[in-house]
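The annotation Zn(2+) binding site is assigned in Swiss-Prot to CYS69, CYS71, CYS87, CYS90 on the grounds of sequence analysis. Taken from Swiss-Prot, the feature Mg(2+) binding site applies to ASP489, ASP491, ASP493.
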Amino acid sequence: MIDRYKHQQLRIGSVSPQQISAWATKIIPNGEIVGEVTKPYTFHYKTNKPEKDGLFCERIFGPIKSGICACGNYRVIGDEKEDPKFCEQCGVEFVGSRIRRYQMGYIKLTCPVTHVWYLKRLPSYIANLLDKPLKELESLVYCDFSFARPITKKPTFLRLRGSFEYEIQSWKYSIPLFFTTQGFDIFRNREISTGAGAIREQLADLDLRIIIENSLVEWKLLGEEGPTGNEWEDRKIVRRKDFLVRRMELAKHFIRTNIEPEWMVLCLLPVLPPELRPIIQIEGGKLMSSDINELYRRVIYRNNTLTDLLTTSRSTPGELVMCQEKLVQEAVDTLLDNGIRGQPMKDGHNKVYKSFSDVIEGKEGRFRETLLGKRVDYSGRSVIVVGPSLSLHRCGLPREIAIELFQTFVIRGLIRQHLASNIGVAKSQIRENKPIVWEILQEVMQGHPVLLNRAPTLHRLGIQSFQPILVEGRTICLHPLVCKGFNADFDGDQMAVHVPLSLEAQAEARLLMFSHMNLLSPAIGDPISVPTQDMLIGLYVLTSATRRGICANRYNPCNRKNYQNERIYETNYKYMKEPFFCNSYDAIGAYWQKRINLDSPLWLRWQLDQRVSASREVPIEVHYESFGTYHEIYAHYLIVRSVKKETFCVYIRTTVGHISFYREIEEAIQGFSQACSYDT
């Protein structure tokens, strides 16, 4: 079992047969070594007790009931005075039943079996290390052809000498079928190699450091050649160079992690603890079993059959032995990854068996559902909605979630301020929603950041810290600019909220994980807090009204307001006078008073611009007043001049949307300039 206080991380990789054996085997007082599962049985149909040396054997995996052996004897767990620790009759250890959650067993395979993840998954690690085509290796693994063994200075049946480069495509026609089982086994071990055993031999002969050196030399030679002028040849060279890079990286990984390449071929097959593949009794006395149990039974059946062919029977043809080895390989493939080689295995009800890969991968797999996504204390979950008024480093927490997350802190605050005499009184005040509770909650939240996480957490920006504030409703409010880091949008996505408790976690949340400190992508360094989706649509709607200019909006009947089922008559059309405003505050105030719309054209007084006064543009209209002043109206601005043609002021034609957008940009630039001046 993994001790969370001793082990800070978990790594998944290949292990040696010796390590698998060490995990599973144990020695009972009579000197017998147990751990190997040899029988494909589960429970006896009469006694409902686990079969000895079966998939649920109590000697191998521990007792079903704590301190009770298979005979029914009881011993106190942890009492050193109670001897012995094993039952002398059945050999079951007197320990807690929880051991069945982590105690493993193993199946000793009669023939080596290639791990299908390393063979069939792309990229194929075995094909990369051996530098051979995947189809050729598959044919070798599934006994479609064989290699000649290197035998020197000895007479051979096939008269073959040399290395593995000589391949016999049709071994069944090259080898006479008059060999007996023992004779064929001796002949094969001496002169030919096929199946996963051939792969294991080649992997064992590899020198990873030589692979790195040779691959690097070949990569440099290909780089020095340059383009050939033939597009097809150039593509082959590029693909070869990419392959060599992957091969070197793979070899370095094996060296760095102390993994031997031949461990990708299994000699011992681990058996999962029984509690991870249970058999449950339902109504009516029927049993429901995990699919993995059936797949394990299939492996054991075929492995035992192969053992019988090689040990007991002497007249079995060698071809039958080959076929049985292939069946063992296919059974292990189905156990590890059902359907990876084509048609998946199904039960009697035409339902696909769930293999080991199906159990651990995906959203409902062991890692994402049970380990990474399990429920923990001081956490909550809700739908996210946009909070446009929030700062980048703030998030809005619903009152219902906030009072649950910070309940212990609020109780401590009530007791410290002598507002509650004990925990029970404090909880009753929280249930009654007294005003003092929300005041203390506000104080607590000011000093406590929270972590927001959206699954799947594929990179470090998938979980960030925020300063929480209380909001109404039952949804979490989030600034739209932080959505890209979470890969979230506001179409029903949910996010989890966690409270960091320790001082170390709070310091990490404040110094490293705040959203306004993670503005760049950790992968490529590009800005990640950029407007997307809803924000772009909002900016378009906010600023799209005046693009057509005064001519299109004022003189084109098609652009006038047209209500449903209402015809436009030129004679009845009445032009709505566009209002004038001295500053942006008056314009925005008129919008909030609903005197104008967000996209209503208006004239806003603006500072004099040298480009306007020097422009040679011809005005569209000129309005003269009784005092002698006149207005020159252009497409997007208006100039008020005196009789002497002096410029009094300039008005620009805009909308409230444009004004709001301009003010936000102006405030952001001013804030950035002030920050830069403080730094200098």
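Note that Cβ sites are derived from N, Cα and C of the backbone, with glycine treated the same way.
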For CYS90 (Zn(2+) binding site), list the number of other Cβ atoms lying within 10 Å of its Cβ atom.
16
Just name the most isolated of the binding-site residues ASP489, ASP491, ASP493, going by other Cβ atoms within 10 Å of its Cβ.
ASP491
Cβ-Cβ distance under 8 Å to CYS71 (Zn(2+) binding site), same chain, at least six residues away:
CYS87, GLN89, CYS90, VAL92
According to DSSP, does CYS87 (Zn(2+) binding site) fall in a helix, a strand, or coil?
coil
Between ASP493 (Mg(2+) binding site) and CYS69 (Zn(2+) binding site), how far is it from one CA atom to the other, in Å?
50
Could you give the Cα-Cα distance between CYS69 (Zn(2+) binding site) and ASP489 (Mg(2+) binding site), in whole Å?
56
Other same-chain residues whose Cβ falls within 8 Å of the Cβ centroid of ASP489, ASP491, ASP493, the recorded Mg(2+) site, in sequence order:
ILE384, ALA488, PHE490, GLY492
Can you count the other CB atoms that lie within 10 A of the CB of CYS87 (Zn(2+) binding site)?
22
DSSP-derived class (H/G/I helix, E/B strand, else coil) of ASP493 (Mg(2+) binding site):
coil
Around the recorded Zn(2+) site, report the further residues of that chain (criterion: Cβ within 8 Å of the mean position of the Cβ atoms of CYS69, CYS71, CYS87, CYS90; site residues excluded), sequence-ordered.
GLU58, ALA70, GLY72, ASN73, GLU88, GLN89, GLY91, VAL92
Would you count the other CB atoms within 10 A of the CB of CYS69 (Zn(2+) binding site), including those on all shown protein chains?
22
